[in-house]
Amino acid sequence: LTGVLDDCLCDIESIDDFNTFKIFPKIQKLQERDYFRYYKVNLKRPCPFWADDGHCSIKDCHVEPCPESKIPVGIKAGSSNKYSKAANNSKELEDCEQANKLGAVNSTLSNQSKEAFIDWARYDDSQDHFCELDDERSPDAQYVDLLLNPERYTGYKGPSAWRVWNSIYEENCFKPRSVYRPLNPLAPSRGGSCLLYFLMQFLKHSLCLEKRVFYKLISGLHASINLHLCANYLLEETWGKPRWGPNVKEFTRRFDPIETKGEGPRRLKNLYFLYLIELRALSKVAPYFERSVVDLYTGNGHEDAESKALLLDIFRDTKSFHMHFDEKSMFAGDKKGAKSLKEEFRLHFKNISRIMDCVGCDKCRLWGKLQTQGLGTALKILFSEKEIQSLPENSPSKGFQLTRQEIVALVNAFGRLSTSIRELQNFKVLLQQTR
């Protein structure tokens, strides 16, 4: 893969260098921090679109929830919207527990600030969400340690997996309705490859920028997930000791130009495009986190400070990138038409997030929900630039806010993309070694 990506002025080589030397090492460290490693998710929500196919019985599909005792006190106490300045001692932790309804607010805050937090908790920003969010108060919602439940190949495949992706593409991606896109990741790609090529060309020349972007985001997410599975594949299991690692044959089957009749490289280019979109979102949301009121609160003051410093360091790197995607070119037509298209865009993506509850493998569902929510949060950020720029320094804002779940999903989803691009470099080396 070389050259400039479509619909933006950025070349692949610049992204590779930027990711390898700037982003990847730092985002890996950030994901290991307590604030970002624990994700609350409901893996028991029923599929809203078709009868449940039954859950995957393969042991690698299983997700191990985190015991309540292992969750940092600042994360499990109270509302998900908490950016407390509480120090890590018993008195203030006790105050924090008593302030659940205020989002674990420090008792030294003024009454005016407390009222602002109450308003924040009451504020319903569902119209800004691009994802169907889990109800964290549900008894079925559990914390998961992402480091102990890594995304990798589980063996989940067949009709259930195929139906999920087919539904995402066929029913939710903008494309000519007269063109059917067969998408069976298990079937040989030769069948229908001419149709896929025709579809891509038709999309490029007949659909507006917004609809092409939507299709590329979903294709890029699909490519990224497939890369994770290829890079962390179960190579062998002897005497109960599994060996995980890169599977070159599987990578070739999914992405090689000859095996996919040219479709594979386009999928990988869409991965880069998705990386640029989420990178742009991180650079845009930086002012939200630069405020003193945002503290990435876990209850451990020292770790919280280090986590925020590392996050702000990553934001500085994202701002330094000189070939960002220009989101201002989207929805730039007449106000009525642009508003209608933006809402259609949002509802399509929200529907895709609901489809993630139809995934039969718990581990696949976990990471599918997290990465979908991360992308949805990125889109929410890109369409909220004015609200972010007008944020008050010392209090929450009704105009724009992020829950802890959205923050965790945003960082981990971008971390997955960063890992995908890094793994792609590894596969390039492995492919050269096999020739």
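All positions are counted from 1 along the displayed chain.
Cβ coordinates come from backbone N, Cα and C, glycine included.
Feature list (source: TrEMBL):
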type     : residues                           : note
DISULFID : C56-C61                            : disulfide bond
BINDING  : R152, T154, W165, S219, H222, R254 : FAD binding site
ACT_SITE : C361                               : active site, nucleophile
DISULFID : C361-C364                          : disulfide bond
ACT_SITE : C364                               : active site
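W165 (FAD binding site) and C61 (disulfide bond) have their C-alpha atoms 18 Å apart, to the nearest angstrom. Taken over all pairs of the listed FAD-binding residues (R152, T154, W165, S219, H222, R254), the Cα spread reaches a maximum of 21 Å, rounded to the nearest whole number. Using a 10 Å radius centred on the Cβ of W165 (FAD binding site) and all shown protein chains, the other Cβ atoms total 17.
Distance between Cα atoms for the residue listed as 'active site, nucleophile' and C56 (disulfide bond): 5 Å, as a whole number. For the pair H222 (FAD binding site) and C364 (disulfide bond), the C-alpha distance works out to 12 angstrom. For C61 (disulfide bond), other Cβ atoms within 10 Å of its Cβ number 19. Of the listed binding-site residues, namely T154, S219, the sparsest CB environment within 10 A is found at T154.
The CA atom of C61 (disulfide bond) is located 10 Å away from the CA atom of R152 (FAD binding site). Among the binding-site residues T154, S219, R254, the ones whose Cα is located within 10 Å of the Cα of C364 (disulfide bond) are T154.
Sequence-distant contacts of R152 (FAD binding site), defined as residues of its own chain at least six apart whose C-beta falls under 8 angstroms from its C-beta, comprise D60, H228, L229, N232, Y233, L234, W244, K363. Recorded residues R254 (FAD binding site) and C56 (disulfide bond) have their alpha carbons 22 Å apart, per Cα-Cα distance.
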